[in-house]
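> First the structure, which I've put down as structure tokens, then a few questions once you've had a look.
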């Protein structure tokens, strides 16, 4: 089988464009040949059925079954050679990003041929990023060569110290056991420098996860903050409003399976309407009859949450439902080798802030917002001034629930959609509202991000469960000191 | 005898239920126990051991409902975390029973419970020491919930956390404990909890006689707690508690240290819940972190709401009725139970704010007024 290597080297030397797909198919193990004609074909899957594709024309060869073809087998030695060869071929690709990733994939397996290729390509490279990556590869090569002068190697190590690639770190760790003392100290210094940068980026990464958790908490709790602030009642079914929003997303995707990328834009208003209408319904049927009895309201809404959960279980089955992520939201933004931010979390963070801003504008600039603020400050006085408090209550509840529905759309992109989705967030959302201070949107914002970041920074040292417990205990103690939260309502309205 | 009757019935109007309740409870318990022990299994009046255990379980729930009612019905503090006190009492008993297994566990370690051997622990954690003594374990079953309630209540009531805030904090408390007890490192058996118990005080837990004895003890303790609670609540202290429920700030201005009353009532209630948990565990044979889950605690509240809060008898009736319904429902149509439970929450709060006892009172008042009219005519 190793006889194939010289043949492949010859093929690579032709530098034909068709070589790349052949090599790729060969590595994947999908390269076949037709037994009778010795023609090369690639095995592909077309809508679940295995077909064979002509390599030159790209057309599916009709009427070929598994018995007509034979697989071209490769072993590990060949695979290593092929991968390197593919990277070498991609080095001369047109797109700079392809070239850059080709260089980076070569870092772990620099051999003489690769280095030679890189050296020949380096002077002519015009793209700055590709050139940097190539310089890195060459520096790695220089640093590793024990026969070179130590001064050259130390200079190369200096270049390496600016990189965050794990291959570079591996090499430097090897060099700390080098024979030359100057090289060893240079490598140690470089590793130290890299470790500092890695730590800094790990901090940013943690911060990002904290902000992401905070944004989820913000979305989940902000609706609760409004209803609690205006009506003084706790809606235990708030989590189920989130769940309804998530299921709405699922249903929307069922209805338009071919337009998953756009489904989110339909799901957001749909979830707002579904959860909002459900909220208005609950307010009109149950909560308005329990006016002035907050503890009973809590119990009744808990009953509603049980009914809604069981309803969803009956309709959609108790199993989790898969909601697909639109292609533009999946993937991640790779800033450098140690820091990459997942796009869906990034979008949700932005979305949460957007929802917050819109809500603040609604409350500050619209007549509904004026009424809502009036009722939350002094219900009786507002009533005396002619504010229809019943109508305000229903609208507030609808608004709060609708936002919970939107939170459900966001959550469906992060976690599994199941009947218990809402329950798992409800206690955390209460904590946010209590921590931030009732009826204060800014407090909710600060509290959500504080708790999110605190949780994520505690997690590495204490573990996820203990972090959750510590945060809960902290809030219980915090409430002792400041029973009205971070930003209490002041003045006569407060009591 | 009349003095005894008078002693049972003194105090507020609700006290008149005390004597009938104690008599009915004890006679039903004794009859059922006798029917289990002395009748042949094919007799029409035979009560199976399964039923005895089920009834014992209901009585534990009734005790727990009493605890919730004392704090909610009489003092207006809606605790959504009483499951925590119940489970802590249960864990204390479970630890004792675990130590009783000795070297009969799967791994045959004479000192360490199976799950610790499985986790490759070498010695017993400090909080398991002494748990092989029954008296010490029972002391813990009372002390730990009481202490937790004291610390929590002292912190909360002193800084005047009331209403829905307090409810949410109690829910967070039990939720935090739920998370904590799920951890294997805590040393309470993690997810699986404590189970596989063999015997209590040397009596096999599988034996009919032990089960009946546990059932009888539960009934007697329920009666004792009922009477004691009735006494406490109809005393001077009870009147202050009611005053706090009806208007806390007014009671405070009159000069009562309302926070102290609330703390001690909260501790008393938690201790009852702990006792209920300790009685519950040997009868059902398992205790796991699921008992801490917030939904359990909130279910207890609905037992009290259904029966009628502010009346001790209502709490007991509610607990028995709702749990009987739960057993029947989950056997016949498990899916419908949550619908029924949810509907119960909504309907009881909307239409039966005083529960079944309130309904009973209304009907009686109506009949009385009709009779009065007839007699006048």
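Glycine too: its Cβ is placed from the backbone N, Cα and C atoms.
What TrEMBL records for this protein is below:
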TRANSMEM  B:21-39  transmembrane segment
TRANSMEM  B:45-64  transmembrane segment
TRANSMEM  B:71-93  transmembrane segment
TRANSMEM  B:134-157  transmembrane segment
TRANSMEM  B:164-182  transmembrane segment
TRANSMEM  B:212-229  transmembrane segment
TRANSMEM  B:261-281  transmembrane segment
TRANSMEM  B:301-324  transmembrane segment
TRANSMEM  B:336-353  transmembrane segment
> With the transmembrane segment (B:134-157) as the reference, which stretch in B:21-39, B:71-93, B:164-182, B:212-229, B:301-324 has the largest tally of C-beta pairs below 8 Å?
B:71-93
> Do any residues, 6 or more residues outside the transmembrane segment (B:21-39), come within under 8 Å Cβ-to-Cβ of it, and if so which ones?
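Same-chain contacts beyond the ends: 8, 45-49, 51-52, 55, 208-209, 212, 215-216, 219-220, 222-223, 226-227, 313, 316.
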> Looking at B:71-93, B:164-182, B:261-281, B:301-324, which one has the highest count of Cβ pairs under 8 angstroms to the transmembrane segment (B:212-229)?
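Between the candidates B:71-93, B:164-182, B:261-281, B:301-324, the best contact partner of the transmembrane segment (B:212-229) is B:261-281.
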> Would you kindly list the residues that approach the transmembrane segment (B:261-281) from elsewhere in its chain, counting only those six or more residues past its ends and only Cβ-Cβ distances under 8 Å?
56-57, 59-61, 63-64, 66-68, 70-71, 74-75, 77, 79, 82, 85-94, 97, 138, 141-142, 144-146, 148-150, 152-154, 157, 194, 197, 214, 217-218, 221, 225, 229, 232, 237, 240-241, 244, 287, 291
> Go through the chain and flag residues at least 6 beyond the ends of the transmembrane segment (B:164-182) whose CB is under 8 A from any CB in it; none is fine as an answer.
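The answer is 77-84, 87-88, 91, 152, 156, 188, 190-191, 193, 289, 292-294, 297-298.
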